[in-house]
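Inspection log for the structure reproduced underneath, given as structure tokens.
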Amino acid sequence: MRPPRSNTKAAFSSLQFGLLCLLLLVNNGIKSVQADAFTDYFSDYDCNQPLMERAVLTATSSLTERGPDKARLNGNAAWTPVENTYNHFLTLDLGDPRMVRKIATMGRMHTDEFVTEYIVQYSDDGEFWRSYVNPTSEPQMFKGNSDGNSIHYNVFEVPIIAQWVRINPTRWHDRISMRVELYGCDYISENLYFNGTGLVRYDLRREPITSTKESIRFRFKTAFANGVMMYSRGTQGDYYALQLKDNKMVLNLDLGSRVMTSLSVGSLLDDNVWHDVVISRNQRDIIFSVDRVIVRGRIQGEFTRLNLNRELYLGGVPNVQEGLIVQQNFSGCLENIYFNSTNFIRVMKDSTELGEGYLFTRVNTIYACPSPPIYPVTFTTRSSFVRLKGYENSQRLNVSFYFRTYEETGVMLHHDFYSGGYLKVFLEFGKVKIDLKVKDKARIILDNYDDQFNDGKWHSFVISIEKNRLILNIDQRPMTTTKSMQVATGAQYYIAGGKDKNGFVGCMRLISVDGNYKLPQDWVKGEEVCCGDDVVVDACQMIDRCNPNPCQHKGLCHQNSREFFCDCGHTGYAGAVCHTSNNPLSCLALKNVQHVQQRVNLNLDVDGSGPLEPFPVTCEFYSDGRVITTLSHSQEHTTTVDGFQEPGSFEQSIMYDANQLQIEALLNRSHSCWQRLSYSCRSSRLFNSPSEAGNFRPFSWWISRHNQPMDYWAGALPGSRKCECGILGKCHDPTKWCNCDSNSLEWMEDGGDIREKEYLPVRAVKFGDTGTPLDEKMGRYTLGPLRCEGDDLFSNVVTFRIADASINLPPFDMGHSGDIYLEFRTTQENSVIFHATGPTDYIKLSLNGGNKLQFQYQAGSGPLGVNVGTSYHLNDNNWHTVSVERNRKEARLVVDGSIKAEVREPPGPVRALHLTSDLVIGATTEYRDGYVGCIRALLLNGKMVDLKEYSKRGLYGISTGCVGRCESNPCLNNGTCIERYDGYSCDCRWSAFKGPICADEIGVNLRSSSIIRYEFEGSFRSTIAENIRVGFTTTIPKGFLLGFSSNLTGEYLTIQISNSGHLRCVFDFGFERQEIIFPKKHFGLGQYHDMHFMRKNGGSTVVLKVDNYEPVEYNFDIKASADAQFNNIQYMYIGKNESMTDGFVGCVSRVQFDDIYPLKLMFQQNPPKNVKSLGTQLTEDFCGVEPVTHPPIEIETRPPPLVDEEKLRKAYNEVDSVLLACLLVILFLLLILMFFLIGRYLHRHKGDYLTHEDQGADGADDPDDAVLHSTTGHQVRKRTEIFI
């Protein structure tokens, strides 16, 4: 029955490009949903029917009773291959082409055998297979099951349309075991065939298109690289041009702004295989997708509405049109062309019956899709070839074919002449060359074309040889070579190799020998076709690995048949995919890694590997440590403003050397930024000060970063409506708020620094009140560059002070490509810096042995690792940088910006890293092998992670800043603190003390006969400034404490206690004998005293410090000719020297002469020979001084892990249910047992006749006596007579 005309009108009206809801779902490839939520996505009406009821299932292999027929979803068994390898396929033949929307999988019931990840492939003929790909053109890895019993669904957001579907398991648990179901519906196709001269025209004059949103989707297949697929234009300059150009899909459009926007997607689209196209526009945002590879763009210009009011063409145009870059009409098939939700081909078919045929014009088109007689052949290896027959002993040779390849080398044709010699056509560096050897003639090499033909496009090739002439024709460009030669052809022609191991790898079609063309399907395997499956007939199985471009940051992609390569030379980035920046993150980052000059011009990359490009700046390094970054612009010179009277009539936009996103990144990372702006004026007002907020009408103003007119001048405060002089009260006219507002005929100036980062930089300046060019009014402005100081990236520092402390970041989606940059500072030899895991994948960076960094990861296959060893220590408590990158080709580790190492990915599909755990910084995910030290500047894919914010949350073992245990100087008495961050140790080598904090005394208790001598070895020591220290205690106020002498010069120094109990120093350093007495204290009272003797000022000043008294300085007048140096010191004595009879009696410790500690040396194990006791044997003593101790380090305890309340509640609910059931069962059993025992007790005598007649009469002698003594008695009542 014919539908009403109004409905048809509505259908045609819907052609006016509305929004296709289906396309809006195409954003991220695949949605995984659980079984209980699946009905929320599709209803039965939405194409959601099981498709495998009558499907035929086959597999590459299977175990007994686990064949492919067992792989149906609701079966009790499952398909299991013989071996667990990656090369197994489960193939589903659906009988007819179907639209597949969803797949469901299960494992083997009641076991742990299930598939966790798989690839889906589909085919139109069961021979040529294509993988379902993600938006980056990589095979999509579908998530599988987590156990053997539950169902897991995956939704194909762009449906699969095919008859054959096969599943390739890539990851599994225990064994590969699968049960499968596909959901979808029958596929009804509406086809339209174009032969290269045809087209369809739809008249839009009656119903023009005016839309802000539209969507188009269709399928096509073709064997030709160029052709117009869809075109329309309007009278206002709008046009919409969809076309094939060099086997890529190109969309050019203009919304009337006279600026064309061009998008390109897809590659190798002329392979005569169906391709899915989806285009969706929402105002100026557009999505363009071919075979699920998505390109997003933004239409140039200001307009958002598409106006088309002429014709809409499909398959071609009658003449050249604006926006078209190809001239050929389309050759091939279009299927199910949907404008919004209306099938255009169906409407066109019905239009004649409905009387709407006048709207459509069809030229040389049919409603069908015949297969073209073109059968490509793929040579997959260099050893594969085809051997075809020709006319033997012919005087002419003619061979033609089409070829496409990505290889630079390979033999395409080899023929041995019957008359002797040969012909070889080969590729060398992508150029086609001819190697010709004719009998009795010299061998010649023909190189006639400068072009390279290994670009993946189809190229035509024809070669013909006849007497004295060779004609080579490539892409319709003939080259003739004339040479004396005569050939007789042989019988065999080797195509793509055969005689040479370096065969051709790529595709060929229409191979003709001597004018004869034989269909590839008719070639005889083994006789004409070599190497079995290495030659694929009726398919061109080439992969364009450069589309979409895997090289980041505009790197140039090249490829061969196995892999791609990136040329990063012009990008400023490095690595296999141009991911890692060669430019520093900031000026401070440059200073941290290398020596710098005072001023350096360079490019900064503020986000590292992120999307922002490098931009030029000037770095200024000052002696006080300040680092300033200067960003220039185009208007830094002083500019005169004259002849602009109206407020803001003069406008100057400022163009910086960076775009807005780059500038915002620089501002956000800097500690402070400022920009100087000044205006010099003569009788030209700046503001209209003073003024109220509602009456502020300035003559001039500047524009902020967000295009906001600002109400204050540089140097003032936001909202003040003043200049700097108005804030300070120093304006030329005290009644005004700006100098220029005084309207003086003298030159005045208002200027200052704008320091509010939220408004910087200045986008534009506007000036007025400068009169006419003939009057005296005039102004001059100067805008300086944007200057910034500091980098918050390097002040974002945290300290890990406990080995199992960690910062848990959200899961890091490293995917196919990602990088992590950080700087660390530690003294630890072995630790894990970061770690993250997934179900099978993981990443881990660890420090090993103090001088080697190791990055380990696993992405589906076995674990891989890359190591960087250094010739220096990485645990030297200095900052070191590390950059970790993993991409499609390799993993890369860079240490300190220069030491690099890589590990290549294994051949085959590159799997994305699937990480589900937190990214744990500072330990493993189990909080083991922890890191202690400092970490800063953590960047994930170029984005800074605010570690300080995490530390402010009070995390266990984490501190803000880089604060070690040695910051508080815990080591005393010149001890050297060795940082460990979770603790510390003290090196007392340069101290007269020992102990954990160099606070334990090393002393000796001296008697009158005790003497200790230290002999200076080697060259004699001479000093002009000494640092001498000695501690002592005594109750006998006399004696020699410490002395130095030289027998060579007679010079000496003696420190002793005088008989009066005072400290006395006597010395002679060559200028004259001197004696110093410290009279303020009596030193013989048994107290401990600490004395320092020092010289300075060229030996003319002696400083004597005792205990906590103020130092006393003694100055000596030494002549310029005198020698104040203590020359050739030979001996140091403690207690007395050899010339004395009685020595010091008491305890001496802390003996130090510069860097010599004699008591420490004498009491160490294996003491040196130059220090010894010459008197009685001495033992070490602490002289009654208790060592200083520090409070113990507070012990922290890791808090209990956070528990998901929902999961906990669910777990408790499950446990409660189980416990309740168990308790009920136990109570029921106890009740049964209780009833049983009660019944048994009540019925324990049932069935027995029992009496108590013998009770009490067991020992009776006779029956009468037994009756009398029995308990029951003889039942004769004894009568009693009572008297009342």
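Note that Cβ sites are derived from N, Cα and C of the backbone, with glycine treated the same way.
Here Swiss-Prot flags Cys47-Cys185 (among others) as disulfide bond, drawing on similarity to another entry. DSSP gives Cys185 (disulfide bond) a strand state.
Within 10 Å of the C-beta of Cys333 (disulfide bond) there are 23 other C-beta atoms, taking all protein chains into account. Residues or ranges marked as disulfide bond in Swiss-Prot: Cys333-Cys369 (among others).
Within 10 Å of the C-beta of Cys540 (disulfide bond) we count 22 further C-beta atoms, all protein chains included. Among the features that Swiss-Prot reports, disulfide bond is placed at Cys507-Cys540 (among others), with the record citing similarity to another entry.
Secondary structure at Cys557 (disulfide bond), taken from DSSP and collapsed to helix, strand or coil, is strand. Residues or ranges marked as disulfide bond by Swiss-Prot on the basis of similarity to another entry: Cys546-Cys557 (among others).
Here the Cβ of Cys566 (disulfide bond) has 27 other Cβ atoms within 10 Å, regardless of which shown protein chain they belong to. What Swiss-Prot lists as disulfide bond is Cys551-Cys566 (among others), and the listing cites similarity to another entry.
Among the features that Swiss-Prot reports, disulfide bond is placed at Cys568-Cys578 (among others). Long-range C-beta contacts of Cys578 (disulfide bond), restricted to its own chain and to partners at least six residues apart, with a cutoff below 8 Å, comprise Cys551, Gln552, His553, Lys554, Gly555, Cys566, Cys568, Thr571.
The Cβ neighbour count for Cys962 (disulfide bond), using a 10 Å radius and every protein chain shown, is 18. Annotation note: Cys962 (disulfide bond) sits in a coil segment as assigned by DSSP. The disulfide bond annotation in Swiss-Prot covers Cys934-Cys962 (among others).
According to Swiss-Prot, the disulfide bond annotation covers Cys966-Cys977 (among others), on the basis of similarity to another entry. DSSP assigns Cys977 (disulfide bond) to a strand.
Per Swiss-Prot, the feature disulfide bond maps to Cys971-Cys986 (among others). Less than 8 angstroms from the CB of Cys986 (disulfide bond) sit Pro970, Cys971, Gly975, Thr976, Cys977, Ile978, Gly995, Pro996, Ile997, Cys998, each of them six or more residues away in the same chain. Secondary structure from DSSP puts Cys986 (disulfide bond) in a beta strand.
A 10 Å cutoff on Cβ-Cβ distances gives Cys998 (disulfide bond) a total of 24 other Cβ atoms nearby, all chains included. The feature disulfide bond is assigned by Swiss-Prot to Cys988-Cys998 (among others), with similarity to another entry given as support.
Note: Cys1183 (disulfide bond) has non-local neighbours Glu1001, Gly1003, Asn1005, Gly1031, Phe1032, Thr1033, Tyr1088, Cys1147, Val1148, Ser1149, i.e. same-chain residues 6+ apart with C-beta under 8 A of its own C-beta. According to Swiss-Prot, the disulfide bond annotation covers Cys1147-Cys1183 (among others).
The domain 'Laminin G-like 1' annotation in Swiss-Prot covers 220-369. Residues of the domain 'Laminin G-like 1' (220-369) grouped by DSSP class, helix first, strand second and coil last, total 11 helix, 76 strand, 63 coil.
Taken from Swiss-Prot, the feature domain 'Laminin G-like 2' covers 403-540, and the record attributes it to sequence analysis.
According to Swiss-Prot, the domain 'Laminin G-like 3' annotation covers 824-962, on the basis of sequence analysis.
Feature annotation from Swiss-Prot assigns domain 'EGF-like 2' to 962-999.
Feature annotation from Swiss-Prot assigns N-linked glycosylation site to Asn195 (among others). Counting every protein chain shown, 16 other Cβ atoms lie within 10 Å of the Cβ of Asn195 (N-linked glycosylation site). Under the DSSP three-state reduction, Asn195 (N-linked glycosylation site) is assigned to strand.
Counting residues of the domain 'Laminin G-like 2' (403-540) by DSSP class, helix then strand then coil, yields 6 helix, 68 strand, 64 coil. Take the CB of Cys369 (disulfide bond) and look out to 10 A: across all protein chains shown you find 18 other CB atoms.
Nonlocal intrachain contacts for the domain 'EGF-like 2' (962-999), taken as residues 6+ away from its ends with a CB within less than 8 angstroms of a stretch CB, comprise 797, 799-803, 825-828, 877, 932-934, 936, 1029, 1149-1152, 1155, 1157, 1159-1160, 1187-1190, 1193. In the three-state DSSP scheme, Asn668 (N-linked glycosylation site) falls into the helix class. According to DSSP, Cys578 (disulfide bond) sits in a coil region rather than a helix or strand. Nearest by CA distance to Cys934 (disulfide bond), out of the recorded positions Asn398, Cys540, Cys546, Cys988, is Cys988. Other C-beta atoms found within 10 angstroms of the C-beta of Cys551 (disulfide bond) number 23, with every protein chain shown included. There are 19 other Cβ atoms within 10 Å of the Cβ belonging to Asn398 (N-linked glycosylation site). You'll find the Cα of Cys333 (disulfide bond) roughly 9 Å from the Cα of Asn195 (N-linked glycosylation site). Note on proximity: among Cys185, Cys557, Asn668, Cys966, Asn974, the recorded positions of the record, the Cα nearest Asn329 (N-linked glycosylation site) is that of Cys557.
For Cys962 (disulfide bond), the nearest neighbour among the listed recorded positions (Asn398, Asn668, Cys988), judged by C-alpha distance, is Asn668. In three-state terms derived from DSSP, Cys971 (disulfide bond) belongs to neither a helical nor a strand segment and is classed as coil.
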